[in-house]
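Trainee: Quick one: the structure is below, questions incoming.
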Amino acid sequence: MSETAPVAQAASTATEKPAAAKKTKKPAKAAAPRKKPAGPSVSELIVQAVSSSKERSGVSLAALKKSLAAAGYDVEKNNSRIKLGLKSLVNKGTLVQTKGTGAAGSFKLNKKAESKAITTKVSVKAKASGAAKKPKKTAGAAAKKTVKTPKKPKKPAVSKKTSKSPKKPKVVKAKKVAKSPAKAKAVKPKASKAKVTKPKTPAKPKKAAPKKK
């Protein structure tokens, strides 16, 4: 009995060790980074909703929530974010609170913020239209490049230079040949004048004397 007891204890310790090892092997999962919500932020949505409204007295919180919900924003989950966004926009000066206090009143865009909101809308529309038109431009540019490439091998400048060079010695030789015969012709008439001799006049025949009878 004394021998079997330590064997059982050793077996129990052996089974406990791998279990502990398995626990230590499990790596701790790294905290997954929070994904930023795609699309515009809450403050941008609020500014767009206020700028689109035509109420002169300002937009109430209820009307603002309705416009945000119509745009596809989850108002119930992000109720606190909407209130914080309104407060931050009022502090920055982009929104002006016309009625009430805090986030429960009515809000209106500041005149300076209105011009900024219009420019942002125009820039967003221009970017969207530019992104849609980009593939057409690239295709046209590629076609233009392919047409322009065969025009490059027009470089016969070397042939023009070589044709000009032989013309110069030809002009010089022609001038020398023209001058040399002129000099020879001028010398020949002088020699002919020296050789001219006057013809001799023939002697008159003497009359024969008459014979004596």
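Glycine residues also receive a Cβ, built from the backbone N, Cα and C atoms like all the rest.
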Trainee: Which candidate in Lys121, Lys176, Lys183 appears in Swiss-Prot with the annotation N6-acetyllysine?
Mentor: Lys121
Trainee: Going by Swiss-Prot, point out which residue in Lys17, Lys26 is annotated as N6-acetyllysine.
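Mentor: Per Swiss-Prot, the residue annotated as N6-acetyllysine is Lys17.
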Trainee: Take the domain 'H15' (38-111) and count its residues per DSSP category (helix H/G/I, strand E/B, coil), listing them in that order.
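Mentor: The counts are 39 helix, 11 strand, 24 coil.
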Trainee: Let me know the most crowded of the modified residues, choosing from Lys54, Arg56, Lys87, Lys92 and counting other Cβ atoms within 10 Å.
Mentor: Lys87
Trainee: So which modified residues are near Ser43 (phosphoserine), with CA atoms within 10 Å, out of Lys54, Arg56, Lys66, Ser67, Lys92?
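Mentor: Hits: none.
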Trainee: Out of Lys66, Lys87, Lys92, the modified residues in the record, which is closest to Arg56 (citrulline) when you go by Cα distance?
Mentor: Lys66
